[in-house]
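The block underneath contains the structure these notes are about, expressed in structure tokens.
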């Protein structure tokens, strides 16, 4: 037998059979595990992860160095708005296709009508970028499942046909030998009585029935053996499950980062409010102390004025009493001196 052709992995350049390499980037199983395809935490586009700590694509890393951390886009809510309030994808789509419309899947106003060419790929639905990616991923998975089922069915049918071909010559030879025996012994059977002929027919019918019962017992063994297509499909499904897990982990990391940012923003707002409250309390206490000092000074001044007025009133009363007494003395003296 000729040796099967080997193909090089695009990452480690080691040679493997074609079935062991991935369909898209022709990577081996070890490279797929070491460098999985994950989604960027900012722009949500898929890229090959160089290290486990790297969760941002090269383009977003350059933009972070140049413009700083991005903000969420006002249309798609993806944290990729490095310049302004819109991400680069939404700005380009708005220039090309007009204002955004509501997505039929996520109900957000972030879907751009790409006319017939774009809708033809998603069965005539108006979807945003993230929803189109998820829809295409589901379609790809269903196609792969159908292919794996078809390959397993074809391999099982081909193996059963080869097994039948192996048994067919023996059966033909047995049938030819049986026919020769039947033709040679036909002359002998013709000389037998009808009862003996009936017994011979029963024996031949039993032997043929035993042969028919023995042949199907061998088929389940062949069907129980897994074909190469099934094993490769199982490996592909396991690899796709691993990539899905990495995607889920990156999504969870993104959610954790967004929640941390929200917590930081809320903490900052709480600190600012606390500062304002302390400033207002200090101002209130200062104003209250000033008012109290003013009230005390006014009360003291009022008491002093009241005391002064009371003292003056007393003096005036004394003067009035003295004047009234002097008048009385003057009147009595004038009465005594008169004849």
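First residue shown is number 1, and so on along the chain.
Yeah, the Cβs are placed from backbone N, Cα and C, and that goes for glycine too.
Feature annotation from Swiss-Prot assigns N-acetylalanine to 2.
Residues annotated as phosphoserine in Swiss-Prot: 22 (among others). The secondary structure of residue 22 (phosphoserine), as reduced to three states from DSSP, is coil rather than helix or strand.
Annotation source Swiss-Prot lists region 'Disordered' at 144-243.
According to Swiss-Prot, the feature compositional bias 'Low complexity' maps to 148-160.
When secondary structure is read from DSSP and collapsed to three states, residue 148 (phosphoserine) falls in the helix class. Annotation source Swiss-Prot lists phosphoserine at 148 (among others), citing a large-scale study or a structure entry.
As annotated by Swiss-Prot, compositional bias 'Basic residues' applies to 167-189.
Annotation comment: Swiss-Prot describes 193 (among others) as phosphoserine, evidence class a large-scale study or a structure entry.
Residues annotated as compositional bias 'Basic and acidic residues' in Swiss-Prot: 215-224.
The phosphothreonine annotation in Swiss-Prot covers 215 and rests on similarity to another entry.
Residues annotated as compositional bias 'Polar residues' in Swiss-Prot: 228-243.
Residues annotated as coiled coil in Swiss-Prot, with sequence analysis given as evidence: 248-328.
Counted within 10 Å of its Cβ, the other Cβ atoms near residue 148 (phosphoserine) come to 17, all protein chains included.
Using a 10 Å Cβ-Cβ cutoff, residue 22 (phosphoserine) registers 18 neighbours. You'll find the Cα of residue 148 (phosphoserine) roughly 14 Å from the Cα of residue 22 (phosphoserine).
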